[in-house]
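Q: Just passing along the structure, written as structure tokens.
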Amino acid sequence: RMFHDDELEESEKFYVGQPRVLLLIYALYNTLVARSEMVCYFVIILNHMISASMITLVLPILIFLWAMLSVPRPSKRFWMTAIVYTEVAIVIKYFFQFGFFPWNKHVDYTKDKPYHPPNIIGIEKKEGYVHYDLVQLLALFFHRSILKCHGLWDEDEKGDSSSNKEDTDDELSLTGGRRDSSASLKSVNLAASVESIHVHFPEQQTAIRRKSSSSISQLSHRSSFSSHRSKRDISKNINHITLSLYFLQCKCVIKSHCDLCSRTLQVYVPIRQFFYNLIHPDYSAVTDVYVLMFLADTVDFIIIVFGFWAFGKHSAAADITSSLSEDQVPEAFLVMVLIQFGTMVVDRALYLKKTVMGKVIFQVILVFGIHFWMFFILPGVTERKFSQNTVAQLWYFVKCVYFGLSAYQIRCGYPTRVLGNFLTKSYNYVNLFLFQGFRLVPFLTELRAVMDWVWTDTTLSLSSWICVEDIYAHIFILKCWRESEKRYPQPRGQKKKKVVKYGMGGMIIVLLICIVWFPLLFMSLIKSVAGITNKPLDVSITITLGGYQPIFTMSAQQNQLKSLEPNEFNEFLRSYRGNTAALQFLEGYGREDITRAELEGNSNSLWTISPPSREKMIQGLRDSEADFTVVLSWTIQRYKNMKYLISLFFSRTLEEVYPYYIKAPSDSLAKPIKQLLRDCKWENITVSLVKNVSEEGVREWWVLNQLEKRQKTPQESLELFIFSDKVSPPSLGFLAGYGIMGLYASVVLVIGKFVREFFSGISHSIMFEELPNVDRILKLCTDIFLVRETGELELEEDLYAKLIFLYRSPETMIKWTREK
């Protein structure tokens, strides 16, 4: 060992011997200390999500447009701004909690109003108004203590003073030579003016911070800095002198205008120089976090799809599938999807063009736009505060993660080369299945290929570009399979293991069987397992004699439609003990599926018939040799206004005319249940005509009564049992509506066609599938990507022609794909 210390050795042994739980706590604390600025960012964003006011809006914007864009870390000025601003916010909130303010007298009435001015500003009276602000202040002081412990708190001030001193001396010497020739400006302190303007240029400060992070001595710092700065001294001094002369001219013209220009320059020049240094950095640690930004946008897209109702007005927790099945596209869903998709396209374009300036402009627009929309427009649209909208809070938090990744991408710079898909960096099963899943998403591969062609400098046509992409994807898949064969080799002459045969082959067999019998399984399980009870809403009975005016009409609704009690249902089942047909029928129904309709015996309408028709009907009834028909019809109305109607014809006697048990299936026809009838005979009913003679005239109506009823009632009435079949849930109604034959025609046959192409088209692709070694072809595709990124467009054409010739020449393909 080069260095040995007994105390350090004992300390290390003591640390290693601690319990694992304690070691985990130590590791978590060290992680917290190493990323204490991220803790501050998280607490600030959390405070704003919960408070959602103008007071808490300032710091999140400063985080995404100042702190996260600072190189190499946020300056002391930012942390002091955050600490002082948090303290001022706490004092302001405390001051406005007193009850003598007018808006604090009706807190219960105004606390849920999103556009109430105190709610917008953040000075409303509420419980725990300052809890999260105190946690935020505690996190900021914790980070401040960490920086002080590591000597990073006052580093910026030292860098500022040293850089300002050097630059001031240089520019004083430069401007000193110009004083002699400028007699008209002798009375003006040019050196002070130059210094006052140059103090706000943080370019040298940034360079000093970036170079001081290394372990070189202070002398090497200055020498390297001066050698680097000498290349830009002329242009920078010219800019400084120009600004100085402009400032001096303003002082010579009007002194008041000079003060205004000074204040404007003091605000504008540092901001401009900050973004200029960001776009033109001295050193750039190039990185690529586009994949993470794309995943964050994808998560936001999923949140919009499944929680679109949270961004609309007067919308409850609706289901997007039910809305789309009714051919309705919610406006909130459409706007959110289009905006989210548009930002993803713009982000892809900026990534392909590698323009940091465009990314900075897009970041600024997006930060201000999202915050203005989420906290000022959305509460008015949804008519509820942002703090009460959980889905919007989740969407905003994921968007904040995207903003942080975007700031990191801007700070580090875009990669100089974008080669292939990010899923093709490794050749294993995970990348293989993820890449194939990526290609299975409809239109995603095509959209990506077209966007890459539009925003990438190339000489290839769109068809040639897509051809290269398809070849590269195909070769990558083959490379993954060849690598898997190398990792898990199969000796020659050895039969396949049963684990492989039954694992892969058995899974395919089960899958094919499920596809073949899917409609039968689906239609049998959809109602028995996930079926919903669909009870009748209205039951009506109509009786007509011989085609004349109906003599009886009655309907049962609401309280007259009763469900069976448990004891009644058990007694109902016991009454059919020994009747196999009836018990087999009752197996498919539960107690909740049976409804007893109690229809009153008195007709709900008068018997209005003309005297000639009345006499003719009486003659027909007296004729014992002629048949006289009785038409009994019933209507059962269930959910979605589904009506079931059937008419039956009998002889002129009213014996065995009442069905008593009716099945209401999911189709359009209600049927009597013969299995539950005693000796397969229908029930008998009595019919009587009632006359009422009064001063207004003679009124007549018919009264019907069922002779044998399960529920004994003294008055005339009818009783009817309805067995309702379960219906499919609304979310699966679009699929169950096709029926068994429809599912076979639309699902099974279509899937069978693709499966048949997979099994029958193998012989045509042997030349391109059975390639022993694809490394040379994969390298050729990668070379095409590389020369395209470096701007060698003529070489790109040559390599593409070589690739096409390779696929046109089987002999050359055989030579290229031999094992090395």
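In case you wondered, yes, glycine gets a Cβ from its N, Cα and C as well.
Quick paste from TrEMBL:
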- 213-227: compositional bias 'Low complexity' (COMPBIAS)
- 34-154: domain 'Piezo transmembrane helical unit' (DOMAIN)
- 287-524: domain 'Piezo THU9 and anchor' (DOMAIN)
- 562-641: domain 'Piezo non-specific cation channel cap' (DOMAIN)
- 652-819: domain 'Piezo non-specific cation channel cap' (DOMAIN)
- 155-180: region 'Disordered' (REGION)
- 205-230: region 'Disordered' (REGION)
- 14-32: transmembrane segment (TRANSMEM)
- 39-66: transmembrane segment (TRANSMEM)
- 78-96: transmembrane segment (TRANSMEM)
- 289-312: transmembrane segment (TRANSMEM)
- 332-351: transmembrane segment (TRANSMEM)
- 360-382: transmembrane segment (TRANSMEM)
- 394-414: transmembrane segment (TRANSMEM)
- 426-442: transmembrane segment (TRANSMEM)
- 462-481: transmembrane segment (TRANSMEM)
- 502-526: transmembrane segment (TRANSMEM)
- 732-755: transmembrane segment (TRANSMEM)
Q: Please tell me whether the transmembrane segment (394-414) and the transmembrane segment (289-312) touch - that is, whether there are at least 3 C-beta pairs under 8 Å between them, with each pair 6 or more apart in sequence.
A: yes
Q: Can you give the mean pLDDT for the domain 'Piezo non-specific cation channel cap' (562-641), rounded to a whole number?
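A: Mean per-residue confidence for the domain 'Piezo non-specific cation channel cap' (562-641): 77 out of 100.
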Q: Based on DSSP, tally up the residues of the domain 'Piezo non-specific cation channel cap' (562-641) by helix, strand and coil.
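A: Secondary-structure composition of the domain 'Piezo non-specific cation channel cap' (562-641): 34 helix, 19 strand, 27 coil.
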Q: Determine which residues of the chain contact the transmembrane segment (462-481) at the Cβ level, with the cut-off under 8 Å and only residues 6 or more beyond its ends counted.
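A: The answer is 420-421, 424, 427-429, 431-432, 435-436, 439, 445, 449-450, 452-453, 768-769, 771, 774-775, 777-778, 781, 784, 800, 803-804, 807.
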Q: Do any residues, 6 or more residues outside the transmembrane segment (332-351), come within under 8 Å Cβ-to-Cβ of it, and if so which ones?
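A: Result: 290, 293-294, 297, 300-301, 304-305, 308-309, 311-313, 315, 320, 323, 358-359, 362, 366, 381, 414, 418, 448, 451, 454-455.
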